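Asks: Have a look at this one.
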Amino acid sequence: QNPKTSAIVKQLLDEGNAAELQKYFGSRMEFGTAGLRAAMGAGISHMNDLTIIQTTQGFCRYLEKNFSDLKKRGVVIGFDARAHLSSGGSSKRFARLAANTFISQGVPVYLFSDITPTPFVPYTVTHLKLCAGIMVTASHNPKQDNGYKVYWENGAQIISPHDKGIAQAIEENQEPWPQAWDDKLIDSSLLLHDPYATVNKEYFKDIQKQCFHRNINKATNLKFVHTSVHGVGHKFVQLAFKAFDLSPPFAVPEQKDPDPEFPTVKYPNPEEGKGVLTLSFALAEKDGAKIILANDPDADRLAVAETPESGEWKVFSGNELGALLGWWIFTCWKNHNRDNCAVKDVYMLSSTVSSKILRAIALKEGFHFEETLTGFKWMGNRAKQLMDQGKAVLFAFEEAIGYMCCPAVLDKDGVSAAVITAEMASFLATRNLTLSQQLKAVYNEYGFHITKASYFICHDPKVIQQLFDNLRNFDGKNTYPKSCGRFKVSGIRDLTTGYDSSQPDQKAILPTSKSSQMITFTFANGGVATMRTSGTEPKIKYYSELCAPPGNSDIEQLKKELDELVNALEKHFFQPEKNNLQRKTE
């Protein structure tokens, strides 16, 4: 019943444009553990009023089956600022339609009345003890995209088998229920609640448990620049600084207000490097700020840059900031917990494609480190299991600039990460240390961990499949490569097939998934490289790392060795020319 998407379809029918109609209606968007992520537009392959109604009807039926008290507890729904004029779709509209679906079945809905960071949804699930949460966002994807992210009652993103159960329920509930389109009905419903004021108060109270140096924060002369890259983060990072008694950061004026067109950047993703930070650099230089904090549009990720006294800005990689935050959060914990035995119950987590720096810190300091599969859905669920056993999970991170610094949110959170980074930098400044200098100190103490990651773009799933098949049948059937150029392969773990050469029974310990590609190669020189497909973008990604024991400080030699390993990986395993792969461009 959306006049804009209906008109698009009618026009294609009038033109007899079978190819476009096939694109719109050939296959339904797949509901996976990341929920939905697709372009806004007409047809069942896109995000629109109808597909949101169908998805929520399926999700509602699935929740009814799993929770006898759903009508007592309810769900939370949040949304970002995305909008798509030509199809009439927007995150707010989709959130209201989803709310209407639940309310029509007698389920209470806590619908945020305004835009909110993604981490506020899992926080609300936990804080209000709800059955589930939905966040309508496409994070840092291109402007035409939107998404539908789902959290379970434990406050973490869903994992299997829930994705399959929800997908099946969507298939079984495709016809819109009566009044499904009329979202105005919710405004007069007693089942509609607005958690905005409560959550804003409670969240900022909770993150203050991670504030350890209020006096330093009050006195610091260090200046910060913050950009929300046309997303939702501005107001919330300002409030976080206030909660920690820090002077507010300078906001990049052209980017501080939400704008679904993202007019000043090619990609609204701070992970893409310096291009996204151009305006931040200019403002920092004008105002004498030493540090830049950049959130992605839904404020669940954080990028950080620092200027030395002279020279170029240093943009920290996700692994480097993970090393700094891991060191900082453990140091703060240690200073407040004098009981030496307590360290046995302390955990930190990171994903398997992230740097192993936390493992090195854990070995030396005596706490536990665990790695999980890629994605915060795994870290959030594992953190909850550990917390339920009475363990303290201090920190989790992944290299894609995602950090969980506060146990109140079991997902990555760019708001708390921004303010904790600011407190760390302010503390270091009292010791006349920069973030870069402290990072070097961490590596000197725990061993240098040099990482390099990038990706190739490939829109043809057949080419991707063929590339990975070739790696599994490299020297004849069912044989993996024994070397990559001059680098000897010493171990292989394939989490698509479940093979792990390092295990006695050759079976991988981490869960396997046939629906995504992921192979990790260990090399005789101590290097590790993982190749995997992305769950949300047409990319084949790679992650590489060289770890040196403490005391090996020839960092230039390590970097050279890693560069050569990466070049060999691209040349022999990716074969970009042969496979017509498009390189990442700045």
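Cβ coordinates are placed from backbone N, Cα and C, and glycine is handled just like the others.
When I checked TrEMBL for this same protein, it listed these features:
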DOMAIN    29-175  domain 'Alpha-D-phosphohexomutase alpha/beta/alpha'
DOMAIN    201-306  domain 'Alpha-D-phosphohexomutase alpha/beta/alpha'
DOMAIN    346-446  domain 'Alpha-D-phosphohexomutase alpha/beta/alpha'
Asks: If you average pLDDT over the domain 'Alpha-D-phosphohexomutase alpha/beta/alpha' (201-306), what do you get?
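Replies: So the average pLDDT across the domain 'Alpha-D-phosphohexomutase alpha/beta/alpha' (201-306) works out to 97.
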Asks: When DSSP states are grouped into helix, strand and coil, how many residues of the domain 'Alpha-D-phosphohexomutase alpha/beta/alpha' (201-306) land in each?
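Replies: For the domain 'Alpha-D-phosphohexomutase alpha/beta/alpha' (201-306), the helix, strand and coil counts are 44 helix, 17 strand, 45 coil.
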Asks: Going by DSSP assignments with H, G and I as helix and E and B as strand, what are the residue counts for the domain 'Alpha-D-phosphohexomutase alpha/beta/alpha' (29-175)?
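Replies: The composition, in the requested order, is 55 helix, 33 strand, 59 coil.
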